[in-house]
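Novice: Here it is: the structure, laid out below.
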Amino acid sequence: MIKKKHHATIVTTSQASDDSRHTSAATVSNRVGSTDTTPGGSSATCAGVNLRKVAIIGCGFVGSASAFSLMQSGLFSEMVLIDADRAKAEGEAMDIGHGIPFARPMKIYAGSYDDLTDAAIIILTAGAGQKPGETRLDLVHKNIGIFQSILPELSSRNCQGILLVVANPVDILTYTAQKLSGFPRNRVIGSGTVLDTARLKYQLSQHLSVDSRSVHAFIIGEHGDSEIAAWSSANISGIPLHKFCEMRGHYAHEENAEEIAEQVKNSAYEIISKKHATYYGIAMAVRRICEVIIRDEKSILPISSMMQGEYGIEDVTLSMPAIVGKNGIETKVPISLNEQEIADLQKSASTLRQILDECKM
Ligand SMILES: NC(=O)c1ccc[n+]([C@@H]2O[C@H](COP(=O)([O-])OP(=O)(O)OC[C@H]3O[C@@H](n4cnc5c(N)ncnc54)[C@H](O)[C@@H]3O)[C@@H](O)[C@H]2O)c1
């Protein structure tokens with residue numbers, strides 16, 4: 001539902017904060033106590049979950065690439081892989097496991113739902129992928145069905161970890177996960193536009209010949225065709241984007257911005273038409289989101305989560321920058337948007353709400 005209200009309200013998830021995650025009766029072995037090594041130094045202890053354990057449900061291109069990048073990250077010492085095709089999960093566990101001697105010790109195995117009750121993060125990559133010419137939204141019915149079979153397995157086991165939804169259409173499936181899991185809001189995260197934002201930073205870094213980590217810009221809204229490049233707040237290490245562009249000899253601001261936003265929006269289609277799937281970029285995005293949670297980094301990421309009146313939008317999940325840490329989403333960050341961006345964001349929300357309505361969600 002889109003409310004006619006044009007200001008951004010900061011909504012913390014404190015009202016939804018999940019105390020049960022810290023006091024759960026779901027006793028598990030092999031818990032890790034304070035593991036935090038962030039410069040900020042706050043303890044990342046979470047009783048009820050093993051902070052060194054991650055689970056991936058769905059071991060296709062995206063699930064296995066994510067498993068591979070997480071194995072190399074050193075963040076976890078245990079990784080459970082689940083797939084409807086058990087042999088696929090076993091094969092991926094073996095193949096990725098054979099790389100462990102070149103990384104850090106960890107246990108990787110094909111498991112069952114009983115193995116993931118204590119996982120700190122449960123990554124949902126199960127679902128059909130986009131076929132050439134198919135939009136992410138075309139996948140909706142197929143993948144909601146898959147989620148309807150998976151989520152009861154998690155809630156019936158009182159899983160205390162954070163759900164990270166990656167399968168597409170990610171915003172619709174994050175909403176589905178939120179509704180069907182019974183998990184508190186802070187513990188249901190969609191990868192949202194974290195990948196699109198990385199693509200935007202990459203394209204801008206190429207255009208301006210500057211380190212992509214010095215680019216501060218977000219793609220917000222739907223992870224898909226109605227996504228918005230939030231140009232009005234974009235900057236290069238604090239220098240307004242237009243000024244930096246001129247420093248680098250680019251003056252056709254509107255034309256360049258439109259071209260770059262289109263490239264970002266169409267990246268997935270282009271990659272899929274060339275190699276049938278996208279998985280390395282998203283695998284790095286998954287790794288980054290996991291790192292932020294496990295290290296309690298309180299980084300600002302454009303993840304997909306439930307809107308609660310921000311910019312007049314509610315009861316829809318889409319991407320807005322939010323502070324993410326050990327308890328998942330801490331608070332959304334209301335970046336400044338101009339009127340057009342707000343209108344586009346509301347339109348993106350309406351598109352998603354319409355699909356949810358069609359799916360009776
Ligand atoms: N969020 C993003 O930015 C992003 C980026 C790329 C891909 N994706 C999405 O990720 C999803 C996976 O893509 P892919 O290329 O890995 O697809 P894929 O077809 O290679 O893999 C899907 C896997 O899910 C498994 N699966 C299906 N139903 C299952 C169930 N009920 N339980 C357990 N496993 C089940 C299949 O056996 C298969 O191994 C797609 O929806 C795709 O669109 C998202």
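Glycine is no exception: its Cβ is also placed from the backbone N, Cα and C atoms.
For 53-190, the entry in TrEMBL reads domain 'Lactate/malate dehydrogenase N-terminal'. TrEMBL lists Gln130, Arg136, Asn168, Pro169, Val170, Asp171, Asp196, Thr197, Ala198, Arg199, Thr278 with the feature substrate binding site. If you look up TrEMBL, you'll see 193-359 marked as domain 'Lactate/malate dehydrogenase C-terminal'. Residues or ranges marked as beta-D-fructose 1,6-bisphosphate binding site by TrEMBL: Lys201, His216. Per TrEMBL, phosphotyrosine is recorded for Tyr269.
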Novice: Sorted by position, what residues of the same chain at least six away from Tyr269 (phosphotyrosine) have a C-beta under 8 A from it?
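Specialist: Set apart from Tyr269 (phosphotyrosine) by at least 6 residues yet with Cβ under 8 Å, there are none.
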Novice: Based on a Cβ-to-ligand 1 distance below 6 Å, what subset of the recorded positions Val170, Asp196, Ala198, Lys201, His216, Tyr269 would you report?
Specialist: Val170
Novice: I want to check the contact list for Asp196 (substrate binding site): same chain, sequence separation of six or more, C-beta distance under 8 angstroms. What comes out?
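Specialist: The list for Asp196 (substrate binding site) reads Ile219, His223, Glu227, Val264, Lys265, Ser267, Pro302, given in order along the sequence.
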Novice: Just counting, how many other CB atoms are there within 10 A of the CB of Lys201 (beta-D-fructose 1,6-bisphosphate binding site)?
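Specialist: Step by step: centre on the Cβ of Lys201 (beta-D-fructose 1,6-bisphosphate binding site), count other Cβ atoms within 10 Å, giving 22.
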Novice: In angstrom units, rounded to an integer, how far apart are the Cα atoms of Thr278 (substrate binding site) and His216 (beta-D-fructose 1,6-bisphosphate binding site)?
Specialist: 24
Novice: Hey, does DSSP put Thr278 (substrate binding site) in a helix, a strand, or just coil?
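Specialist: Note: Thr278 (substrate binding site) is coil by DSSP, not helix or strand.
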Novice: Compute the C-alpha separation of His216 (beta-D-fructose 1,6-bisphosphate binding site) from Asn168 (substrate binding site), stating it in Å without decimals.
Specialist: 26
Novice: Below 8 Å Cβ to Cβ and six or more residues apart, same chain only. Which residues does that give for Ala198 (substrate binding site)?
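Specialist: Counting only residues 6 or more apart in sequence, the Cβ neighbours of Ala198 (substrate binding site) under 8 Å are Ser212, Gly281, Met284, Ala285.
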Novice: Tell me the residue counts in helix, strand and coil for the domain 'Lactate/malate dehydrogenase N-terminal' (53-190), as DSSP assigns them.
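Specialist: Once the DSSP states are binned, the domain 'Lactate/malate dehydrogenase N-terminal' (53-190) shows 67 helix, 27 strand, 44 coil.
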